[in-house]
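Participant: Sending over a structure as structure tokens; questions will come in a sec.
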Amino acid sequence: MLSTQYPRCCPVILLLLLKLVLAQYEHLGYPPGYPDPEQEHYTAPQLTADTPRIQLRLAGDKRKHNEGRVEVFYNSEWGTVCDDDFNIHAAQVVCRELGYVEAISWSPSSKYGKGQGPIWFDNLHCSGKERTLALCPSNGIGVSDCKHSEDVGVVCSDKRIPGFKFVNTLHNHVENLDIQVEDVRIRAILSSYRKRIPVTEGYVEVKDGGKWKQICNTEWTEFNSRVICGMFGFPGERKYNARVYKMFARRRKPTFWDFSVNCTGNEAHLSSCKLGHATLLKSNGTCAGGLPVVVSCVPGRTFAATPMMGFRKQPLVRLRGGAFVGEGRVEVLKNGEWGTICDDNWNLLSATVVCRELGFGTAKEALSGGRLGQGMGPVHMNEVKCSGFEKSITDCLFNKEALGCSHEEDAAVRCNIPAMGFQERLRLSGGRNPYEGRVEVLVERNGSLVWGTVCSEGWGTMEAMVVCRQLGLGFASNAFQETWYWPGEVSADAVVMSGVRCSGTEMSLSHCLHHGDHLNCPKGGGRNAAGVSCSDTAPDLVLNPQVVEQTTYMEDRPMFMLQCAYEENCLTSTSGQTPANSYRRLLRFSSQIHNNGQADFRPKASRNSWVWHECHRHYHSMEVFTLYDLFSLNGTKVAEGHKASFCLEDSECDEGVEKRYECANFGEQGITVSCWDTYRHDIDCQWVDITDVKPGDYIFQIVINPNYEVPETDYSNNIVKCRCRYDGHRVWMYSCHNVNKLIYTSNIHVQSLWAT
């Protein structure tokens, strides 16, 4: 008889194994809306009488509002902190003293620019537990042998400490002290605005010490309103009906914050504004003006309640390569050609000008180093310097000699956009980590909201892209039509959405075409429901149009030399009746396909499902990788070709980038980031069969990844078009250019979120 007793060490071993399994997903973090670990609540520091009283702020050339040069106010003067012996523990003390949950990193050598005034702290040795930087052991306050080239900076977490209470430890008013509160919101007051999504008008409230408080309007300016609206994703502010709010304030007694706000109008976040005077409250608890601050914001075109009518001029700036609305690599139009911006001196001020110009709010991050993919074409602007009030990034000062910049330094932005509540109506269930699972949507059925699955029939990359975007999880890495391996919520097995067809740019799955209330899904939900896996990064393939133009020529090739090409359907249908000793006329060219994205381009099919072609003796990892079409000037297709992805590999790479993929000997296939795969003009099938084409003028078109089998950051740049002239003896290709498809997302679904 077998013993049923297990060793006592088993639970310990199982616990260790569980920790190891979970650890492999720690780097993914938690997506927005996913439950986070409980955070401790703030308690005001109890300082002894002999503790030096200081105040901190983050200053300098920022790329996020929650980072900057550490500056200390002491003895009525602002100064800095030296980077000698500074470490993450000291950064932790700084961030927590400013009300952030934790420090992310720190930077030496005046990364955020050189400060001014005394260097108050040097050789800090913090444990990370100190309540104030003044309690960390150091050389002594004001004792330093450093220069401002050694000023230290920190990056703090976005999250604020729950219950954080702003405390002015200095009795006198501190000029230029940054505002630090637990949270900020626009609270809709009028019933007509409470029903609207997004919230565009209401009280400005700050959360301080765990309580929401209004701000007295006696010192409030339009610059303050501009900053608040920008924080919440709106490009501008407007006037409102003050009489209505005055009546409301009389009925309900406000609770005012202790301070006023002093913004210049170009700040990206309230925390970059300066603290104003202390609020003078009357005996009845009202401020001198007696009214709480109200803002009314103007939403951008994408989020407007009704479409804006009238003439719309060609935009001079656009965003490319981002996973979400309001983020991407910044590209500007100059002399009819799109180009990028170099990241030298790129900061929040310049990024915010871009965001407002495009109808979003202020920038929440100014990205550098080609973080959202590399562009092609010229670098139009370098060393951009904006005041923050320009109407367009092209109005800002910049170095017109954009020398020394490569696309590895392309600037990008992440803009604040209005909270639309899309994430609350979708979830992934049953996955091994927060980035994968069965797709479950929240819909209304018989007057109540229920969760259910999505029919997987026709489910593909574009639909998965929308799901990942809606959940804030980046790009799709895979779309699944079976999810039996992901047991979702049993109560959500029923199909509640079918016939989903997306263009890939929608902000919500509900914006895609679908069957509505009349569902049609023969397979049903449960194990056959739609699923996705998401990724922070994705590749981006771009064809070099100049290579096509420079390598085009015509060749007459005998049919007996085209047997392999015939077997792979690389000739027109009439070639089947062509004698072996006759010729086919081929339009030949080279194609150089760059991966300018953030992840390697890998074929969708795994190696075990690649198809071996005996004639050419190679594996096809994607049957259709590119399409080649010749059109008449009226759009009629007159000839076509295609290229399977045999030998998908790194032909060349940018300097410093190592090749990773080589298809020889059944090797791995793919294209590394910053590398390109060149299909030379002398390779079989690298042509269009024009034997039956009459002389004339035509349009030649190449489409990469035409079936969207592999997710990319940007499909709008996958087409190249050229003008083609064929006189019966020679062929010319000219005016080759990347075609940026304009994909319009309807506002109809966004409008439906607004109350009538």
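Just so you know, glycine gets a Cβ as well, placed from its N, Cα and C.
Sequence annotations record features per position, and here TrEMBL assigns disulfide bond to CYS82-CYS146, CYS95-CYS156, CYS126-CYS136, CYS263-CYS273, CYS386-CYS396, CYS502-CYS512. For 56-157, 186-298, 317-416, 426-535, the entry in TrEMBL reads domain 'SRCR'. Here TrEMBL flags 1-23 as signal peptide.
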Participant: Please report the distance from the Cα of CYS502 (disulfide bond) to the Cα of CYS136 (disulfide bond), rounded to the nearest angstrom.
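Facilitator: Checking the Cα atoms of CYS502 (disulfide bond) and CYS136 (disulfide bond) gives a distance of 56 Å.
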Participant: About how far apart, in whole Å, are the alpha carbons (Cα) of CYS386 (disulfide bond) and CYS263 (disulfide bond)?
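Facilitator: Checking the Cα atoms of CYS386 (disulfide bond) and CYS263 (disulfide bond) gives a distance of 17 Å.
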Participant: Taking CYS95, CYS136 as the disulfide-bonded residues to compare, which has the smallest set of other Cβ atoms within 10 Å?
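Facilitator: Relative to the other disulfide-bonded residues in CYS95, CYS136, CYS136 has the fewest Cβ atoms within 10 Å.
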Participant: Tell me the residue counts in helix, strand and coil for the domain 'SRCR' (56-157), as DSSP assigns them.
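Facilitator: Reading the DSSP string over the domain 'SRCR' (56-157) gives 16 helix, 32 strand, 54 coil.
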Participant: Measuring CA to CA, name the entry from the disulfide-bonded residues CYS95, CYS146, CYS512 that ends up nearest CYS126 (disulfide bond).
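Facilitator: Closest by Cα distance to CYS126 (disulfide bond) among the disulfide-bonded residues CYS95, CYS146, CYS512: CYS95.
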Participant: Using the alpha carbons only, what distance in Å do you get between CYS95 (disulfide bond) and CYS396 (disulfide bond) once rounded?
Facilitator: 33
Participant: May I ask which of the disulfide-bonded residues CYS82, CYS136, CYS396 is closest to CYS512 (disulfide bond) if we compare their C-alpha atoms?
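Facilitator: It is CYS396, whose Cα lies nearest.
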Participant: Do any residues at least six apart in sequence from CYS156 (disulfide bond), in the same chain, have a Cβ closer than 8 Å to its Cβ, and if so which, in order?
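Facilitator: Within the chain, CYS156 (disulfide bond) has Cβ neighbours under 8 Å at LEU58, ASN66, GLU67, ALA91, VAL94, CYS95, LEU98, TYR100, GLU102, ALA103, ILE104.
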Participant: Could you give me three numbers for the domain 'SRCR' (426-535), the DSSP helix, strand and coil residue counts?
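Facilitator: Helix, strand, coil within the domain 'SRCR' (426-535): 19 helix, 40 strand, 51 coil.
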Participant: CB neighbours of CYS386 (disulfide bond) within 10 A?
Facilitator: 22
